[in-house]
Amino acid sequence: MGAHCSRSCKRTGTRRSSSIADARKTALLLPAPAANTLAQTCTKSTQQVTAIDPDGLQTTCFEAMRRILMHWHGLCNRMFQRLQNLRETTMSTQLKPTLGTIHLWGIAVGLVISGEYFGWSYGWGVAGTLGFLVTALMVATMYTCFIFSFTELTTAIPHAGGPFAYSRRAFGEKGGLIAGMATLIEFVFAPPAIAMAIGAYLNVQYPGLDPRHAAVGAYIVFMALNIVGVKLAATFELVVCILAVAELLVFMGVVAPAFSFSNFALNGWAGSQTFGPEAIAGMFAAIPFAIWFFLAIEGAAMAAEEAKDPKRTIPKAYISGIITLVVLAIGVMLFAGGVGDWRTLANINDPLPQAMKAVVGDSSGWLHMLVWIGLFGLVASFHGIIMGYSRQFFALARAGYLPASLAKLSRFQTPHRAIIAGGLIGIAAIYSDGLINLSGMTLTAAMITMAVFGAIVMYIMSMLSLFKLRKTEPHLERTFRAPGYPVVPGIALALAVVCLVAMAWFNMLIGLIFLGLMAIGFIYFSLTAKSRADAPADAMLTGR
């Protein structure tokens with residue numbers, strides 16, 4: 001009996017020592033004051049139990065103390081492990097709010113402003129100047145109505161996923177998938193087009209420079225800048241955006257003396273002097289290039305988690321941003337088309353330098369200034385859209401729609417893996433120039449059209465989400481409400497549907513490729529239900 005008791009006490013003492021050791025390990029997970037308290041308690045308990053029964057004879061006392069310590073250890077371990085997991089999850093997937101109104105304005109305008117420098121002139125090639133002007137005014141109306149409506153969603157649900165988050169909350173997981181994939185396609189395929197334009201601008205100054213190499217160099221530089229930190233990236237975006245806006249105003253001022261409306265209107269209806277069926281067809285075919293004037297302004301919503309007081313700062317940034325862009329788009333288009341034969345500017349990547357060259361000559365300092373400062377406009381959009389696609393990758397990965405590794409943050413608290421992933425896709429697209437021909441389009445025009453398909457689908461999903469959430473969540477806090485509801489968002493929705501139908505009709509091959517990319521996303525979605533179930537809970541996505 002004595003031997004049995006001795007063995008029992010030894011086993012009990014071993015378990016007791018193990019439990020106390022485990023409790024001490026648990027203390028390592030705690031903040032310093034709590035950790036010290038728990039460690040001292042365990043040490044004191046060891047000393048007290050040893051003093052009471054140094055020979056292991058009072059087994060009942062030991063067992064009681066062991067049970068108390070085991071219970072205390074288990075409770076603390078579970079509670080503090082959960083706290084530690086929560087802290088690690090928050091630190092690794094939470095963006096830092098650092099952006100004010102002026103930064104958000106810079107992002108909103110900067111995302112778009114390259115569209116004032118290039119891309120839009122392809123619309124002249126199919127619609128003529130007058131036909132494209134009508135299309136641009138229609139698209140400007142759509143964007144104005146859209147932004148006033150979209151701002152309600154952005155302020156009510158300030159989430160890095162932007163449209164993905166709104167559609168996820170309104171229509172569930174599949175709705176989120178449609179909006180998220182469409183937005184990702186828009187923001188991944190727009191940067192290669194802009195990068196190629198950067199290469200074309202540099203080629204004006206350095207004819208021996210391969211535009212593709214310059215485009216890849218731009219990717220490397222601005223991916224690195226985005227990885228370093230969002231505040232630095234947003235400040236840089238603001239500076240180059242202001243310079244780009246100033247340069248557009250300088251361009252209009254320099255070419256204004258040579259402007260003639262008769263030049264602008266000559267053969268302005270799809271190459272004809274008279275309005276007719278060909279002009280109507282051209283106006284619809286030109287929709288993607290009119291959208292390029294404003295494409296990606298919604299990307300500022302993806303910086304919502306990084307905005308200070310987003311319910312106040314985002315509306316100011318968006319409204320001032322759309323006003324800025326409408327004025328610049330109409331002004332640039334009119335002045336560029338009125339200085340000479342606009343047909344020489346259609347279907348090229350550098351219409352503004354060529355328009356200015358027709359006015360001031362090859363050797364003018366104004367021309368060289370436009371080329372160099374004009375790069376800021378391209379850089380502003382390129383840099384901003386990299387910021388946008390990385391946040392979309394990040395949000396989709398965090399919610400379990402893409403591999404979780406894309407939601408990891410760097411030591412700068414930026415989604416570095418997401419930035420690199422989008423960059424690799426863009427670089428591959430750049431080097432496919434000349435290898436792939438889509439309906440006879442240049443690579444730039446094809447990339448623009450693909451990005452616009454994604455944008456239009458996202459706009460439709462966003463407006464549908466606005467209507468749905470007004471019905472299902474009438475008490476959702478809305479610090480900004482869409483003016484003229486339901487007419488204003490209804491106009492945006494109707495015009496977006498018209499744009500989508502027209503684009504599908506005139507760009508069937510690219511439309512099929514777009515559907516193929518969406519289908520790949522749906523297949524991945526179907527195979528990864530577990531990753532979404534394991535993703536951290538996000539009340540903004542579910543409303544719970």
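From the backbone N, Cα and C atoms, a Cβ is placed for every residue, glycine too.
Any TrEMBL annotation is an automated prediction that lacks curation.
According to TrEMBL, the features are:
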- 102-120: transmembrane segment (TRANSMEM)
- 126-150: transmembrane segment (TRANSMEM)
- 177-202: transmembrane segment (TRANSMEM)
- 214-233: transmembrane segment (TRANSMEM)
- 238-259: transmembrane segment (TRANSMEM)
- 279-297: transmembrane segment (TRANSMEM)
- 317-336: transmembrane segment (TRANSMEM)
- 366-389: transmembrane segment (TRANSMEM)
- 418-436: transmembrane segment (TRANSMEM)
- 442-461: transmembrane segment (TRANSMEM)
- 482-503: transmembrane segment (TRANSMEM)
- 509-527: transmembrane segment (TRANSMEM)
Query - Segment-segment contact (the transmembrane segment (317-336); the transmembrane segment (482-503)) at 3 or more Cβ pairs under 8 Å - result: no
Report summary line: Listed stretches 177-202, 214-233, 279-297, 442-461, 482-503 vs the transmembrane segment (126-150), most Cβ pairs under 8 Å: range 279-297
Query raised in the report: Apart from its near flanks, which chain residues at least 6 from the ends of the transmembrane segment (482-503) lie with a Cβ under 8 angstroms of it?
Result: 138-139, 141-143, 145-146, 148-149, 151-152, 284-285, 287-288, 291, 449, 452-453, 456-457, 459-460, 463-464, 466-467, 470, 511
Query raised in the report: Which listed range (177-202, 214-233, 238-259, 418-436, 442-461) shows the maximal number of Cβ pairs under 8 Å with respect to the transmembrane segment (279-297)?
Result: 442-461
Query raised in the report: Residues of the same chain, at least six outside the transmembrane segment (102-120), with any C-beta under 8 angstroms of its C-beta?
Result: 132, 136, 193-194, 197, 200, 234-235, 237-242, 244-245, 248, 289-290, 292-297, 299-300, 303, 307, 313-314, 316-318, 320-321, 324-325, 328-329, 332-333, 349-352, 374, 377-378, 380-385, 387-388, 444, 448
**Report entry** Contact set, same chain, for the transmembrane segment (214-233): CB under 8 Å, 6 or more residues outside the stretch
**Finding:** 95-96, 98-99, 191-192, 195-196, 198-199, 202-203, 303, 306, 379, 382-383, 386-387, 390, 410, 412-414, 416, 419-420, 423, 426-427, 430-431
Query raised in the report: What same-chain residues lie close to the transmembrane segment (442-461): Cβ under 8 Å, and 6 or more beyond its ends?
Result: 118-119, 122, 142, 146, 163, 166-167, 171, 175, 178-179, 181-187, 189-190, 192-193, 196-197, 287-289, 291-292, 295-296, 298, 347, 349, 429-430, 432-434, 436, 492-493, 496-497, 499-500, 503, 507, 510-511, 513-514
